[in-house]
Amino acid sequence: MAGGGGKGGSEDLPDITLELTPTWIVAAVCTVIVIISLLFERLLHHLGKRLKNSRKKPLYEGLLKVKEELMLLGFISLLLNVFQGATQRICVKESLMRHLQPCEMPKELKDVSFKATAHFTGVLGGARRLLAGGAAKSDYCEKKNLVPILSVEAIHQLHIFIFVLAVSHVVLSAITVLLGIAQTRNWQHWENNIQTNDVTGPQMIKHVQEFQFIKDHFKGDGKRWRTFGWLRSFFKQFYGSVTQEDYTTMRLGFIMKHCSANPKFNFYKYMIRALEADFKKVVGISWYLWAMLIIFLLLNVEGWYVYIWISAVPFVMLLVVGTKMEHIITELAHEVAQKNTAIEGDLVVSPSDDLFWFHRPKLVLLLIHIVLFQNAFEIAFFFWLLVRTIHMGISSLAE
């Protein structure tokens, strides 16, 4: 029984090494692992081959980044395994282990020396399952009246968290790009209508206020209306953020600025290619995201409730980015309405990098990258805690 401590209990049994393990067990476990690994590798290979054949180069490069991310996380997990024994020989003072703990220590262990509880696992979560063979591995530090810097069970839990983080980030990134493509399905219908309706008639002069795009976005001058524009942009991101008039106007503005000689330019296909290229940039884990991960783990201290505040950050950032993107369209309408009273032909806007924060459109992409990773981290942390809670509940029932 866990924590029993009785003579003849499981804690008195030595570690069963590989040379004492039946060969059929070793072969069976290796077979299962190899089969799962080969199936996953073949799946990624066929997916990449399909993307290459369909000329989806940005998505294919995004898939390569996913492979790199999985390889990196797998290498980190491998290092943890290889140096597991070495960490048991890195000893620290017992007093250092009682600071900056993520969870409150169980009452029955508060007044007990860490050296006496060094063999117990799950101290962070309150579990009291004795690790077989743990006593022998911690003797090195105990002889020095110290404790290991990281227990074997803590390393095992870290393995699980790394795996869940990798899966969460990949799945969330894939879902995001799929939802982005689904959100633009109406754009293809609008593009097809524009391509089929070849209007070559005389250009009529229309008052600028007659255009639906101006009616929807321009409500007047002055500070009051600028404030209203921000409020409208905030709420509009929750429903039909891009209307047909918005798409038609933005398409014409893009064509007049970049390819005026080709009025039949397929703007929808260009936007899909841009979406795929952006996906390639946001799917990976950059160095600054690793730095954020270390900071999150460092600040996860009992009583600080940092994760509660951190969980609100991606939501706020997402609202800010959505509001800004909507307000850019409003600013384009405002610019046209201020410069012109009447326009011959169709309404033409002038997209510019100056409309973005610090004149850098890539800053928006950076914020989306951070939001995706932070959401993946929080989802991984939630599922990790869920698995730990279920495991401890099963252990308690078994006892």
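Every residue gets a Cβ built from N, Cα and C, even glycine.
What TrEMBL says about this protein:
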| type | residues | note |
| --- | --- | --- |
| TRANSMEM | 20-40 | transmembrane segment |
| TRANSMEM | 70-87 | transmembrane segment |
| TRANSMEM | 160-182 | transmembrane segment |
| TRANSMEM | 279-298 | transmembrane segment |
| TRANSMEM | 304-322 | transmembrane segment |
| TRANSMEM | 363-387 | transmembrane segment |
For the transmembrane segment (279-298) and the transmembrane segment (20-40), check the count of CB pairs under 8 Å (sequence separation 6 or more) and say whether it reaches 3 or more.
no
If I count Cβ-Cβ pairs under 8 A between the transmembrane segment (304-322) and each of 70-87, 160-182, 363-387, which range comes out on top?
363-387
